[in-house]
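Novice: I have a structure I would like to understand better, so I am pasting it below and will then ask my questions one at a time.
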């Protein structure tokens, strides 16, 4: 592949990996796997992968973490991983892969809103960038409301003979179609999960300024979340027969989420951001919604409703609006910084010229 085209190919592969995560996770839940047990096994698999890598890569150069840094990482893991993932996956169990993928597009708007409340962001109401940001937040809220309260006609599944048939392999039956009230509740809980994830992004940014080692920070949070998720799963699933792993889609989902998502996708994201910047990677996120909508219909036999499609389109619109506002603001700030540097150089040149004139 041409080196110039490689980042584009990697960006698409990342979205395909996340699409696979939505599909196999939903399939595992349809087969009766507990979402709480799934999160524990997923984080445990991630820890098994990340700890040796973090040790080998940083054994000579990494400085020790202070107690305060470890405490902050513990709460980061609690909010952004344990709370967020458990809410997210139990909501996925009672909604659909399409809804999960669609609500992911609300994360930038939520992150911006939280940063605004914490005074880490600002809005210029009279500028196009400020208007775009606020419009994006409004579109995201509208998109979530549409998904929650409007079902609309359903689109027939692409494949009626689905690859992952939803017969339960354990003692628990597959999830029945939720009522309207349950659908609304789980949709909003999925948004709450995204709020927790967005809060984690803001919190982690602050911790990384104090301890700028992404690999170790990620590995430590993965270990903390594994311990926390075990406690949650032990309380939620006291029947330990539900913890037994079988050679079926549930085991595939655990290994896929633990190794492919946490390992491969995270590495590819870091590489892509380093090559082209975070904005380049972010603009591809809505592609995952399109992939998931098709794959959930093909592999899971899900009926995709018009409400989910319209809500997803609004969320994608809000996503791009916030992204455009941030991008425009960054260009304005960079331009102002360059002007300031030019003016500084001019003043320095004048001062030097004046000194030379006095000496002459």
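Heads up, the Cβ atoms here are built off N, Cα and C, so glycines get one too.
Remember, it's a predicted structure, so these values are computed and weren't measured experimentally.
I grabbed these lines from TrEMBL:
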type	residues	note
COMPBIAS	350-360	compositional bias 'Basic and acidic residues'
DOMAIN	10-132	domain 'EamA'
DOMAIN	185-323	domain 'EamA'
REGION	334-360	region 'Disordered'
TRANSMEM	7-29	transmembrane segment
TRANSMEM	35-55	transmembrane segment
TRANSMEM	67-88	transmembrane segment
TRANSMEM	94-118	transmembrane segment
TRANSMEM	130-150	transmembrane segment
TRANSMEM	183-203	transmembrane segment
TRANSMEM	215-235	transmembrane segment
TRANSMEM	247-268	transmembrane segment
TRANSMEM	280-300	transmembrane segment
TRANSMEM	306-324	transmembrane segment
Novice: Apart from its near flanks, which chain residues at least 6 from the ends of the transmembrane segment (247-268) lie with a Cβ under 8 angstroms of it?
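Specialist: For the transmembrane segment (247-268), the sequence-distant neighbours (Cβ-Cβ under 8 Å, at least 6 residues beyond its ends) are 10, 13-14, 17-18, 20-21, 24-25, 27-28, 31, 33, 38, 41-46, 48-50, 164, 169, 218, 222.
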Novice: Taking only the residues in the domain 'EamA' (185-323), give me the average pLDDT of this model.
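Specialist: Average per-residue pLDDT within the domain 'EamA' (185-323): 84.
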Novice: Please tell me whether the transmembrane segment (280-300) and the transmembrane segment (67-88) touch - that is, whether there are at least 3 C-beta pairs under 8 Å between them, with each pair 6 or more apart in sequence.
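Specialist: Since fewer than 3 Cβ pairs under 8 Å link them, the transmembrane segment (280-300) and the transmembrane segment (67-88) do not come into contact.
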Novice: Looking only at the domain 'EamA' (10-132), how are its residues distributed among DSSP helix, strand and coil?
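Specialist: Reading the DSSP string over the domain 'EamA' (10-132) gives 99 helix, 0 strand, 24 coil.
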Novice: Grab the same-chain neighbours of the transmembrane segment (215-235) for me: Cβ-Cβ under 8 Å, and only residues 6 or more beyond its ends, written as numbers and ranges.
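Specialist: Long-range Cβ neighbours of the transmembrane segment (215-235): 34, 36-37, 39-40, 43-44, 46-47, 50-51, 53-54, 57-58, 62, 65, 70, 73-74, 76-78, 80-82, 85-86, 204, 207-208, 243, 262, 266.
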Novice: Which of 67-88, 130-150, 183-203 shares the most C-beta pairs under 8 angstroms with the transmembrane segment (35-55)?
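Specialist: Stretch with maximum Cβ contacts: 67-88.
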Novice: So which of 7-29, 67-88, 183-203, 306-324 is most in touch with the transmembrane segment (94-118), counting Cβ pairs under 8 Å?
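Specialist: Of the candidates 7-29, 67-88, 183-203, 306-324, 183-203 scores highest.
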